[in-house]
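J.: This is the structure I have questions about; it appears just below.
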């Protein structure tokens, strides 16, 4: 039976439906004695001992000086007002970007999880998400909404490893989301600082400070406690999330190690766009080799799924996936890395809480404690990683 299009609500089932779908007087020396120093007057003494003044005359220098003083004061006031308005606008703009970042991330995880619960082919879904991202990049470049970059062969060679680990990182994340609860996947992904410190020390020679090492203890302990008490725990979901941490931090290390030529450097959004396109071309053959072509209407119908809803949810997840990463780079261009890291920690908390509420995920007190300890460690790490050791 052909399924009809139902309203888009996050809780909608993706299985096939069976039943339904200033005034001039201020310069008068009589009314304003304070400007008498600017006047040139000749006193005439009369027999009655009264004074009379000749008509008021301003010298050229004094007139110019007076006007310049008034103009400078006006310019200063106008500049202060303009600076205040600009600062307010930038604050509001940043606030909107943070809201969009959090919102897109929440809805990506919700829609993505809904699809993966009924469509157990994460490689295909990952390729589809990169395909939608590639179309969006082509749209922006084609309409000159964002400047199309001129890429050299040396840049492509430098970006290729970044695209490879970017592809694997998102694939492993989808594999984890398909096997365990969203909240647990993001709890395990809070281990990213551990892998960041490990990879940076091994390949970049950046030794962590004692404060950084200390912040890793609650992270590791919290994740271990949460894992031991997770209802949806299974090894594939856990190891996939850990592999995602490894690949994502490898991307950060590679970007520092390979993209070092300032003459060939590019802004973050352009780099992300190129990586997205390259990831799409990398994921297509991987999808065909591992899962085949199983995203057709015929296949979905044979699996008893609502074709329209699976496509709509997959499209919404892909749009949110590309949007939240794009907004993340826009925020990174406006704030310091430490601020961005703290905001990322807050974002993960919001995603975990929202997914627990939405999917009604059972959480024990000990499990919640473990998650809280891990996230507190992440916050501590984001605050202390910028502290440099005192020179001896």
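The backbone N, Cα and C atoms fix where each Cβ goes, and this holds for glycine too.
TrEMBL labels come from automatic prediction, so no person has curated them.
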J.: Match it up for me: which of 231-248, 249-266, 303-320 does TrEMBL list as transmembrane segment?
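T.: From TrEMBL, the annotated transmembrane segment range turns out to be 231-248.
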J.: Can you say which of 94-111, 328-345, 346-363 is given as transmembrane segment in TrEMBL?
T.: 94-111
J.: Sort out for me which stretch, of 123-143, 155-173, 194-219, 231-248, 269-290, has the most Cβ pairs below 8 angstroms to the transmembrane segment (366-384).
T.: 194-219
J.: For the transmembrane segment (269-290), which stretch among 123-143, 155-173, 194-219, 231-248 has the most Cβ pairs under 8 A?
T.: 123-143
J.: Given a Cβ distance threshold of under 8 angstroms, which distant residues of the chain, six or more beyond its ends, lie next to the transmembrane segment (155-173)?
T.: 122-123, 126, 129-130, 185, 189, 240-241, 243-244, 247-248, 250-251, 254-255, 258-259, 261, 264, 266, 271, 274-275, 278-279, 282-283, 286, 321
J.: Across the domain 'Sugar phosphate transporter' (93-382), what does the mean pLDDT come to, as a whole number?
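T.: For the domain 'Sugar phosphate transporter' (93-382), the model's average pLDDT rounds to 91.
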